[in-house]
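Novice: According to Swiss-Prot, the protein carries these features:
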BINDING   Ala43, Pro44, Ser45, Gly46, Thr47, Gly48, Lys49, Ser50  ATP binding site
DOMAIN    7-227  domain 'ABC transporter'
Amino acid sequence: MNRNVVLKLTGVERHYGQGDTLLTILKGADFSLAKGEIVALVAPSGTGKSTLLHVAGLLEHPDGGEVTINGHACDGLSDEKRTAIRRREIGFVYQFHHLLPEFSALENIMMPQLIAGLSWKEAQERAGQLLDYMRIGHRGSHRPAELSGGEQQRVAIARAVANAPTLLLADEPTGNLDPETASYVFDALEALVRQSGLAALIATHNHELAGRMDRRVTISDGKVVEF
């Protein structure tokens with residue numbers, strides 16, 4: 001495999017239900033994502049967009065096919081090993097920021113680093129650098145409720161990359177923001193991806209933002225296709 005390929009899906013199948021109620025969402029889906037690449041996933045609700053992200057992020061097991069991350073096949077691994085890969089290699093950003101309300105912005109970004117075994121000092125330094133990079137270093141001591149929507153989402157992005165993953169999966173990361181704020185947040189996300197060499201798959205309904213990414217894909221009849 002090309003060493004620059006971070007994520008590769010080969011013939012991925014995903015079903016829900018059984019018997020007469022069996023619903024096939026992904027039907028032999030193929031997709032690859034390279035280091036430093038930002039790809040937009042633009043698809044109507046109900047076509048399998050979130051399912052694709054969940055399978056790619058090792059949150060769900062595919063019913064067929066193969067998921068490979070940085071050259072390592074993830075199918076057949078124990079849940080413990082899948083969790084370890086997820087924590088080490090993958091960052092997630094969602095439409096709702098899911099920040100812990102009782103902790104400051106800085107502490108929210110520190111949390112995954114502390115869980116990963118970094119010292120308090122190391123986590124604090126890294127979190128501060130990320131806040132500065134996202135241009136909200138002055139807001140580090142504020143709790144989520146004291147931040148604007150755009151600031152909250154930038155904290156969520158910083159938290160997602162706190163452990164220096166190689167793959168970023170984002171599900172409608174600007175969906176709750178007004179167009180101007182959405183553009184500003186995407187600018188910050190794009191700069192972070194380019195600077196760090198992350199591979200990013202971003203699900204969005206925002207066609208303007210999708211047009212600024214390297215490629216656009218959709219899901220048609222259970223397969224991933226470019227458009």
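Every residue gets a Cβ built from N, Cα and C, even glycine.
I'd like these features described in context: how deep, what's nearby, how far apart.
Specialist: The Cβ of Gly48 (ATP binding site) lies under 8 Å from the Cβ of Arg14, Ile25, Leu26, Ile219, Gly222, each on the same chain and at least six residues away in sequence.
On the 0 to 100 pLDDT scale, the domain 'ABC transporter' (7-227) averages 94 in this prediction.
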Novice: Beyond the listed site residues Ala43, Pro44, Ser45, Gly46, Thr47, Gly48, Lys49, Ser50, identify every same-chain residue whose Cβ lies within 8 Å of the center of their Cβ atoms for the ATP site.
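Specialist: Nearby residues not in the site list: Thr51, Ile219.
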